[in-house]
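Sequence annotations record features per position, and here TrEMBL assigns active site, proton donor to Cys118. Annotation source TrEMBL lists phosphoenolpyruvate binding site at Lys22, Asn23. Residues or ranges marked as UDP-N-acetyl-alpha-D-glucosamine binding site in TrEMBL: Arg94, Arg123, Pro124, Val125, Asp126, Leu127, Asp307, Ile329. Annotation comment: TrEMBL describes 7-408 as domain 'Enolpyruvate transferase'. Taken from TrEMBL, the feature 2-(S-cysteinyl)pyruvic acid O-phosphothioketal applies to Cys118.
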Amino acid sequence: MDKFIIRGGRPLHGEITIGGAKNAGLKLLVAGLLTSERLVLTNVPHIADIATMRALLTQHGLSAEAVNGDKTTLSVGGDITSTEAPYDIVSKMRASILVLGPLLARCREARVSLPGGCAIGTRPVDLHLKGLETLGAKITLENGYINARAPNGLVGERIVLPFASVGATENLMMAATLAKGRTEIVNAAREPEMVDLANCLNAMGAKITGAGSGHIMIDGVEALHGAQHRIMSDRIECGTYACAAAITGGDLRLIGGQIEHLGAVVRAFEEAGVEVTQEGDAMRVRRTGALRGVDIMTEPYPGFPTDMQAQFMALLSVAEGASMITETIFENRFMHVPELNRMGARINVHGSSAIIRGVHGLSGAPVMATDLRASFSLIIAGLAAHGETILSRVYHLDRGYEAVERKLAACGAAIERVKD
Ligand code: UD1
């Protein structure tokens with residue numbers, strides 16, 4: 001298992017290129033199940049979760065191959081030879097549940113392992129299943145697996161989601177592209193990744209309108225065809241490096257970063273005393289004055305993203321005054337708190353809220369990564385801390401961030417990866 005050794009106290013200056021979005025790329029790979037032709041994706045991030053999704057597609061009979069040796073371009077296609085998504089892959093990565101809708105729509109049956117719990121909460125999939133049942137699927141749960149069948153194909157219907165779930169909206173949107181008639185998804189998730197997925201599906205011949213709003217309409221078609229699509233840039237990776245720039249009092253240009261995808265995060269940065277501007281194709285982040293405490297609540301898009309909560313908490317741990325962060329999306333997403341406190345932060349958790357009392361400085365310590373975003377919050381803290389921080393269990397980070405140490409070191413950070 002790899003570790004990171006970080007020596008803090010150096011402001012970050014320079015440029016970082018933001019990669020393709022993990023949370024868009026995973027679903028776009030899955031979209032390859034909806035056609036017998038090849039789907040070519042560009043700007044694919046080189047991260048472990050994408051490798052896991054490729055393994056799952058291989059299990060279904062598809063291939064996802066690099067084009068001309070370029071790992072950022074994948075050609076997805078082939079015949080579906082198995083409609084089963086086994087436990088060993090689904091338990092590794094929850095996004096695997098997204099094959100359920102496409103397999104059911106295309107092959108009229110699917111057997112997908114239930115994902116079970118994960119580090120940041122129980123995360124049920126009831127909304128995915130209820131929505132597919134509304135489209136006519138017969139679903140039973142047996143031996144830890146979801147067995148879904150639609151012998152006569154799915155039929156369009158009106159689905160009202162009680163919560164704007166990202167995954168459920170995507171699963172249902174993909175399934176509905178091949179259903180008979182019109183599907184409406186009401187209270188749909190509005191994340192920019194939804195728009196990216198809909199754009200790709202439409203390029204494949206789907207008829208989707210309203211993606212990005214809370215009301216999506218899909219007119220089913222007989223078949224989808226191949227297409228080429230560029231994966232949007234990763235707004236969470238961008239926001240994460242912005243926190244690193246801000247905590248070190250640095251100045252970074254984040255190439256590919258788009259302020260319009262980070263509205264609530266940019267507002268929080270500005271309130272905290274961090275300057276964020278769009279300069280052509282780059283988002284520039286700099287801080288010259290003091291950091292101020294801010295109150296934040298995570299919400300579905302366009303609210304403040306839960307995937308930025310841990311990183312922002314690290315930033316606020318050294319801000320003047322007190323801050324409060326309330327987590328409304330996941331019930332157990334404060335696992336970074338005890339680790340940040342070991343580095344000298346003063347954070348108390350009360351139910352779903354954390355009170356952060358700003359301290360003058362953090363001190364390096366051995367800390368442990370617990371999940372993807374929590375891991376990066378410890379790097380952010382380590383970049384500002386006096387002395388050495390040793391972050392273990394870096395594999396959590398490798399799931400979703402590409403070349404972290406290379407990107408940070410190029411901007412002046414003292415960070416190295418060591419093998420255990
Ligand atoms: C996606 C993102 C994840 C992000 C999250 C919220 C991917 C691969 N992952 O996860 O990074 O943190 O959106 O922005 O894109 N829920 C139910 N029943 C369901 C589905 C969800 O109760 O059937 C609950 C979950 O337990 C959770 C909340 O709804 O508390 C949000 O989940 P959801 O929006 O579905 O997130 P994911 O798609 O899992």
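Please read every residue number as a count from 1 along the shown chain.
Yeah, the Cβs are placed from backbone N, Cα and C, and that goes for glycine too.
Since we're looking at a predicted model, the values are computed, not measured.
This view paints the features noted in TrEMBL onto the structure.
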residue: Lys22; record: phosphoenolpyruvate binding site; contacts (Cβ under 8 Å, 6+ apart): Pro45, Ile47, Asp49, Ile50, Asp234, Ile236, Glu237, Gly400
residue: Asn23; record: phosphoenolpyruvate binding site; contacts (Cβ under 8 Å, 6+ apart): Ala95, Val166, Glu191, Glu193, Asp234, Ile236, Asp307
residue: Pro124; record: UDP-N-acetyl-alpha-D-glucosamine binding site; contacts (Cβ under 8 Å, 6+ apart): none
residue: Val125; record: UDP-N-acetyl-alpha-D-glucosamine binding site; contacts (Cβ under 8 Å, 6+ apart): Ile97, Leu114, Pro115, Ile146, Gly167, Ala168
residue: Asp126; record: UDP-N-acetyl-alpha-D-glucosamine binding site; contacts (Cβ under 8 Å, 6+ apart): none
residue: Leu127; record: UDP-N-acetyl-alpha-D-glucosamine binding site; contacts (Cβ under 8 Å, 6+ apart): Leu161, Pro162, Phe163, Ser165, Ala168
residue: Ile329; record: UDP-N-acetyl-alpha-D-glucosamine binding site; contacts (Cβ under 8 Å, 6+ apart): Thr298, Glu299, Pro300, Thr306
Largest inter-residue Cα distance among Arg94, Arg123, Pro124, Val125, Asp126, Leu127, Asp307, Ile329 [record-listed UDP-N-acetyl-alpha-D-glucosamine binders, Å]: 22
Candidates near ligand 1 among the binding-site residues Lys22, Arg123, Pro124, Ile329, judged by a Cβ under 6 angstroms: Arg123, Pro124, Ile329
Other C-beta atoms that fall within 10 angstroms of the C-beta of Arg94 (UDP-N-acetyl-alpha-D-glucosamine binding site): 17
